[in-house]
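Presented below is the structure to which this report refers.
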Amino acid sequence: MGLSKTDPQVYKLIKEEEKRQREVLEMIPSENYASHAVMEALGTVLTNKYSEGYPKKRYYQGNRVIDEIEQLAIDRAKKLFGVPYVNVQALSGSPANTAVYFALLTPLKDKIMGLSMASGGHLTHGLALNISGRFYKSSLYELGKDGQLDYAAIEKQAVREKPKIIICGYTAFPRIIDFKKFGQIADKVGAFLMADISHITGLVVAGAHPSPVPYAHIITTTTHKTLRGPRGALIMVTEKGFKKDPDLGRKIDSAIIPGLQGGPHDNQTAAIAVALKEASAPAFKKYGHQIVKNSKALAKALIKYGFDLLSGGSDNHLILIDLQNKKANGAVAAFALEVANIVVNKNLVLNDPMPSFYPSGIRLGTPAITTRGMKEKEMTKIAGWYSQVIDKVKNEQLPQEKEARVEFMKSFRQKAAKNKKLLQIAHEVKALTQKFPV
Ligand SMILES: *Cc1c(COP(=O)(O)O)cnc(C)c1O
């Protein structure tokens, strides 16, 4: 029986979410619209199977078909990225990174070195509250004052701290990463270089961002951001990685199972295989390059409206706006934008004087709206809406005390939800999204 009959409550909620995704400008840079084919693979009988182990080496019977599916995903990923080893079983990006640490590091002894979250790194890159910062020693590096990577400072820190793994690849960084430089730094101190390209994988396979393959030992990535697949992750080892440690693949396999996980999600593996096929088609190259063109066009237009962008612009898929010069707060702005049907996330800015729940900035990106077919012309229009919305909420000063802030946000939300100007923009946004069906 269909979902609408078995569970009308869940069915209705899914339909509501579908409508929301259709009617808004989805501009959270880690989100995208997976294809119908990817979603079709997810909703299949593959979800019924247990297949602990790896192709041809399973602990359960009945895995002939699953073996073929997993091998197909592995082979497609190897070919697309040009690497000799891939593990497709990590359930998402965070477990993938955790598995790499588990494979290579001795807890409480070995050190990792990643970018701090305040500078745009990920939780799993050594944050004290994350397993990566609690089980392992962690030395975090920061961006330079100009919002760029300071390679000389990173090298100095690596020489001093002697990390076993250096991590590059970020969550909120709008510029090109010089993987070659990172490779040299890692080699100099004898560290593994792990490139976590979760955010930029789609750009890397499209040739719109340089690839880390020649320089990194290990590459991890989610499959659901710019790659446009299902939620999931890939862990890859490069030729360079095998030269440093011929046993690296086996160590990672065994860190995933029995180290960290049980059975893989086979429906997810199949959907990853589908996404990898889509990403190897010529149309995907065009898509990747258009993401960057759109991001650059949007950045340029935002600057014209007086917005202050981290590092002064963007050359990937993502933009960070520091709203301090506009006298606006990130949490307030993100809510007002949502009323206007534009969905972004609030984000810390460099040396943010505010706490992470009420940060001074917002983070936005072009992957999802580019999937809908929007181009530079639409970006100019969108920048205008940002300007109008932020104009509406500037001088909405957050109180200093915590409790007062909660009250303030509550009454602000009620007020903003009825604001005529914001609702007018919401209407215009909806009209635009109708021209670019999902
Ligand atoms: C999104 C992201 C991850 C992890 O993703 P989840 O799938 O949410 O666990 C890891 N690293 C980076 C750099 C990311 O941006």
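Glycine is no exception: its Cβ is also placed from the backbone N, Cα and C atoms.
The domain 'Serine hydroxymethyltransferase-like' annotation in TrEMBL covers 3-385. The (6S)-5,6,7,8-tetrahydrofolate binding site annotation in TrEMBL covers G121, H122, L123. According to TrEMBL, the site 'Plays an important role in substrate specificity' annotation covers H224. What TrEMBL lists as N6-(pyridoxal phosphate)lysine is K225.
Projection of TrEMBL feature records onto the structure.
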residue : record                                                  : Cβ within 10 Å
G121    : (6S)-5,6,7,8-tetrahydrofolate binding site              : 25
H122    : (6S)-5,6,7,8-tetrahydrofolate binding site              : 23
L123    : (6S)-5,6,7,8-tetrahydrofolate binding site              : 17
H224    : site 'Plays an important role in substrate specificity' : 25
K225    : N6-(pyridoxal phosphate)lysine                          : 26
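Close to ligand 1, meaning a Cβ under 6 Å from one of its atoms, are these of the recorded positions G121, H122, L123, H224: H122. The two recorded residues L123 ((6S)-5,6,7,8-tetrahydrofolate binding site) and the residue listed as 'N6-(pyridoxal phosphate)lysine' have their Cα atoms spaced 17 Å from each other. Shown in sequence order, G114, L115, M117, T124, H125, G126, L127, N130, Y170, T171 are the same-chain residues outside G121, H122, L123 whose Cβ sits within 8 Å of the Cβ centre of the (6S)-5,6,7,8-tetrahydrofolate site. Confidence across the domain 'Serine hydroxymethyltransferase-like' (3-385), taken as the mean pLDDT and rounded to a whole number, stands at 97. Here the CA atom of G121 ((6S)-5,6,7,8-tetrahydrofolate binding site) lies 16 Å from the CA atom of the residue listed as 'N6-(pyridoxal phosphate)lysine'. Each residue contributes its Cα atom, and for H224 (site 'Plays an important role in substrate specificity') and G121 ((6S)-5,6,7,8-tetrahydrofolate binding site) these two points are 18 Å apart.
In the three-state DSSP classification, K225 (N6-(pyridoxal phosphate)lysine) falls within coil.
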